[in-house]
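To keep things clear, I will list the structure first and then write my remarks on it.
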């Protein structure tokens, strides 16, 4: 376990050293089936239920490439501004491990489908950093091992292990950056912003669930330091098990402070794999291997080369959506939003919903107000995501329309929305069922107003005497009497009329 | 012995489909024959009498009901090489490591046979994981050549060919990575065809060397092989390397060839396949065969394929490299043999000890060769160079096929040797495949057809015919014409001593 004594103060680290980052992100594609067979590609399931001879690597079984996965890989490559290979192959990466059914992983090696790209990452203060992409390639996921007994939960020291091959053969895209240099003290933030941007991009493209907590987006962070002004990279470590965006930042920062302490002490960094520990934000060394792994890569003879035609690539290019950060910028300009208003929209995940509500006829101010405030509260109290609430943008637009025409008060409108969320039907059906129309019949309202004035003669006198704000008490009484189904503004007008103020 | 076992598959199919004999009695006759002679021949590792009879009875029921037979071979039983998976029926690949494994799925070849109404008599013996030329590398003991029980039946598919020569089955399936169909066919005087790579699905064929492996038909006549070829060939979406093209009309080609006219056909004799290492009787048999092709009207020319000389070394880098990876899955974790599972060994140790125990010497030799050839720092010199040689060999074929329609050569340089004679000399063993390997490296189609007996030892010799990829029909036309002119060879084989 690393102790704080072995870490250097961060300010000193960035004063003395330049960090170099390399980020490898694995993305599980959300295709219906696995990379090389027809088994369902879905998270979870009872162990070893989503398996077949192919993904179990049974003798004689053969892989066939999932065309949708190739399509997703090309689209991801295009979104990352990569060149798309005219001809590429899969290779076999040979090593023995129980959760890998064939004891080789079918992966692309020196012929990736996409290469030489970049992504512009927006930091919190608006600064834009360009991260160069080395490659994006296709591969298959491994199964999962559960090591039982032993202290660490790893294979070493375990009493026995359980294997679940449901994940074996799930399509993965590995996206590798070129070395990210010159970021100085912002390196950890850049790492987080990069992974965040990737996540947003992949989500917008609808190619992956991008859930770091479920492992559908995984980040390995390579970190090294070199003395300030040097040009030769230092020895790197690769930190795995980084399971949240925040952890990406913490892991990079921790490794920087750890490396710096060792280097400043005259020591050298051991090139190794380390595991991030969520609990205390430190990293721990993995099991060291006595010998370097030789994966004996060679072209996968069971698969034929992939040669995407340029026509196909261009067709796919046309399907790449606007980048999320570009879209945000456009929406901020179009809707004339402050940075704070934009941040609320982004943080609540409401952008698409608001846009769709606007498309359905609402003003953006009304739509924004509903989604960011009341519906966001409802999502929180119902413990769900905004997008998963049981109401559509069109239904929200209808409610806004009814408020605008005076048929609903805001209070009634919230009750209508509650009804929709509770599955009572669309807004009009809820209004019908719950009897929630505004009482707009003046004679009915006048009766209620007269009654309220008669019940509180002192208040009526005050209003007559010019204290117009006292009318609030009468409005309240009328609203109570009409069970909230009156338009408060109209009630107020009638009160003032009645007392002749 | 029953007459039924002496008939060709085409004759049996005719009798079964006209109701003259039943599929069940045909299958039973072969099962009886296996029971009588297989103790000596040891062609089978597993006999599935119940499964075969059930399939035969289903064919009989169809015929009784007036339903058209599922295929031209419906009801004709077959011996299946133990390297193709059979659902619920043992599939060992001749290895201890798969002893007792019951595959949960059928290979595509197996499925097509079942759908064609072909009863599967059992699984035939082979060199472990198809690595060998004698079946002596089987973990379950060698198969013996019906021509001389002291001699090898060829390999790796010695069981399939021996079952034909011993009249235990009228049809068999083999697989050919460097000659494992053709060499056993040659040394047992039967017919064996390695179709174009990708012509027959490899799904369920337990891989030795993925880029070379090809399943194919074996029979006692060229027509029988053609009938079987059409049952098993065709595109399979489960095999990415399967050819998506119509199956060549090989049955028509065989019937056309049997009429004995090869005028207009250009035949190339490969200059490099002669000389040192070739048995005199084999070469003279070959010369006679070439003369007969001329008499049939073929134009014969000599062609040179200079890079064929490097085929054997290239093969012994590519095949072991691929096998070192293909056989990595036999690790005791999911199926097959598992040793040292006593709680005191790590998973890594269980894997290692199981592989030590489960694999035979030849398999280990090739896994080690391949592991070395793919190692970092050696890849370019070994695997990379071998792939370049492979390209050169493919070009040699292409150049030759610009001049001629088919190429011919002896199938093997020598007649079958004695059991045990070459087990300690792997290089001498490997030389058996010197003529057959180029077709695997290039992916071409090739056939071995009986070409008589060698004058010095009276043992069978095979004529190899090679055709361009996707032109498998040429093999059958030339092979059937030659077969008709040369006359049957297997008839010269006396009754097996055991059943006398």
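Heads up, the Cβ atoms here are built off N, Cα and C, so glycines get one too.
According to TrEMBL:
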- B:81: active site, charge relay system (ACT_SITE)
- B:156: active site, charge relay system (ACT_SITE)
- B:180: active site, acyl-ester intermediate (ACT_SITE)
- B:25-475: domain 'Amidase' (DOMAIN)
- B:134-154: region 'Disordered' (REGION)
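Packing against the region 'Disordered' (B:134-154) from elsewhere in the chain are residues 40-43, 45, 92, 94-96, 99, 124-128, 161-162, 165-166, 183-189, 360-363, 412, 416-423, 429, 432, 459-460, 493, 496-497: each is 6 or more residues past its ends and has a CB under 8 Å from a CB in it.
Proximity of the residue listed as 'active site, acyl-ester intermediate' to non-local residues of its own chain (separation of 6 or more, Cβ distance below 8 Å) is seen for B:126, B:127, B:130, B:133, B:155, B:156, B:157, B:174, given in sequence order. Look at residue B:81 (active site, charge relay system): DSSP puts it in a strand. Other C-beta atoms found within 10 angstroms of the C-beta of residue B:81 (active site, charge relay system) number 32, with every protein chain shown included. Summarised by DSSP class, the composition of the region 'Disordered' (B:134-154) is 0 helix, 3 strand, 18 coil.
The Cβ of residue B:156 (active site, charge relay system) has 34 other Cβ atoms within 10 Å, all protein chains considered. Each residue in the domain 'Amidase' (B:25-475) has a pLDDT score, and their mean in this model is 97.
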